[in-house]
Amino acid sequence: MVRVMVSGACGKMGRSVLNAVQQDPQLELVGAVDLHAGSDIGDLIGIPKTGITVQADLVEAIVSAKPDVLVDFTKPSVVFSNACIALKHRVSPVIGTTGLSDEHKAEIKNLAEENNTAAFIAPNFAIGAILMMKMAKEAAKYMPHVEIIELHHDNKLDAPSGTALGTADMIREVRKSMQQGNPDEFEKVAGARGANVDGIHIHSVRLPGYVAHQEVIFGGLGQTLTIRHDSINRDSFMPGVVMACKKVKGLQGLVIGLENLLD
Ligand code: NAP
């Protein structure tokens with residue numbers, strides 16, 4: 001049994017994770033942390049009371065519940081400190097919160113190695129999204145003209161999404177650096193061409209009704225190819241989160257990306 005604690009437990013993803021962990025026979029839910037402390041997690045996810053109360057202080061929660069794994073779905077401003085606390089207590093962070101900087105990832109890697117405790121980060125826990133990224137990388141070898149449109153719910157804090165940046169990075173591995181579009185193009189309104197990552201334009205849509213969606217559009221002579229993935233609800237992320245909880249203890253240092261856990 002893997003002992004799991006959830007940080008951001010009262011949030012949209014946190015509640016889904018509580019449910020998924022509760023239902024998996026190889027995982028044991030031992031604690032939950034959120035700013036909105038005090039509720040029994042049974043009340044949060046609509047099951048009978050469990051005796052596990054959401055706590056406000058992560059250190060106290062870790063010391064009392066002794067988890068093996070801390071699943072984090074909080075906020076970009078909080079996740080780094082949570083990961084550091086977990087690693088210093090030899091608890092493996094499984095991080096879904098997006099928005100970590102490269103510097104923070106490097107520090108998490110160092111801390112994981114120093115404490116001999118693996119850490120795992122997935123910009124996207126949906127297996128279909130990983131396949132979309134892999135297929136985009138393959139397509140970019142033959143169709144290097146590409147732009148990315150990512151669409152998310154309007155409460156999302158960071159833009160572009162971690163998945164869009166991850167997709168651009170994977171495409172950059174196989175595509176020569178180039179600027180997309182007309183070399184003389186100009187924006188009549190600032191931002192019209194979206195974010196520019198090494199010449200790949202990324203457009204971020206934020207609207208109520210969306211969960212997490214992405215299109216990677218390739219253009220060629222007389223043809224376009226669109227690779228699209230849709231997470232239609234938060235259940236789409238749960239098989240990936242459960243897999244990461246089970247596999248993280250067998251990893252070394254910091255591992256980034258669900259593709260690295262697929263057999
Ligand atoms: P959410 O509904 O806002 O949930 C975040 C929860 O964390 C809220 O209850 C929030 O409380 C709480 N929180 C804030 N500060 C905290 C702290 N210091 N300690 C513990 N809890 C704290 O957000 P969400 O939609 O669940 O998304 C959470 C993160 O996951 C976002 O970064 C999102 O981009 C990411 N995400 C990743 C994936 C993936 O596959 N990797 C998929 C979906 C979402 P307040 O409301 O009071 O701030």
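Cβ from N, Cα, C; glycine included.
Every protein chain shown contributes to the tally, and the Cβ of His152 (active site, proton donor/acceptor) ends up with 22 other Cβ atoms within 10 Å. Reduced to three states, the DSSP call for His152 (active site, proton donor/acceptor) is strand. Residues or ranges marked as active site, proton donor/acceptor by TrEMBL: His152.
Of all Cβ atoms in the shown protein chains, 16 besides its own fall within 10 Å of the Cβ of Lys156 (active site, proton donor). Among the features that TrEMBL reports, active site, proton donor is placed at Lys156.
Residues or ranges marked as NAD(+) binding site by TrEMBL: Gly8, Ala9, Cys10, Gly11, Lys12, Met13, Asp34, Gly96, Thr97, Thr98, Ala122, Pro123, Asn124, Phe125. Thr97 (NAD(+) binding site) carries neither a helix nor a strand DSSP state and counts as coil.
According to its DSSP assignment, Gly162 ((S)-2,3,4,5-tetrahydrodipicolinate binding site) is helical. Same-chain residues at least 6 positions away in sequence with a Cβ under 8 Å from that of Gly162 ((S)-2,3,4,5-tetrahydrodipicolinate binding site) are, in sequence order, Thr98, Gly99, Pro123, Asn124. Annotation source TrEMBL lists (S)-2,3,4,5-tetrahydrodipicolinate binding site at His153, Gly162, Thr163.
The residues of the domain 'Dihydrodipicolinate reductase N-terminal' (2-125), classed with DSSP into helix (H, G, I), strand (E, B) and coil, number 48 helix, 28 strand, 48 coil. For 2-125, the entry in TrEMBL reads domain 'Dihydrodipicolinate reductase N-terminal'.
According to DSSP, the domain 'Dihydrodipicolinate reductase C-terminal' (128-262) comprises 46 helix, 39 strand, 50 coil. Taken from TrEMBL, the feature domain 'Dihydrodipicolinate reductase C-terminal' applies to 128-262.
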Distance-selected recorded positions near ligand 1 (C-beta under 6 Å), from Asp34, Asn124, His152, His153: Asp34, Asn124
Cα proximity to Thr97 (NAD(+) binding site), best match among recorded positions His152, His153, Lys156: Lys156
Neighbourhood of Gly8 (NAD(+) binding site), C-beta criterion under 8 angstroms, separation at least six: Gly14, Val33, Asp34, Asp72, Phe73, Thr74, Lys75, Val78, Thr97
Nearest-integer angstrom distance between the alpha carbons (Cα) of His153 ((S)-2,3,4,5-tetrahydrodipicolinate binding site) and Ala122 (NAD(+) binding site): 19
Nonlocal residues around Thr163 ((S)-2,3,4,5-tetrahydrodipicolinate binding site), in sequence order (Cβ under 8 Å, 6 or more apart): Pro123, Asn124, Ala129, Met133, Glu150, Ala212, Gln214
Nearest of the binding-site residues (Cys10, Lys12, Ala122) to Lys156 (active site, proton donor) - Cα to Cα: Lys12
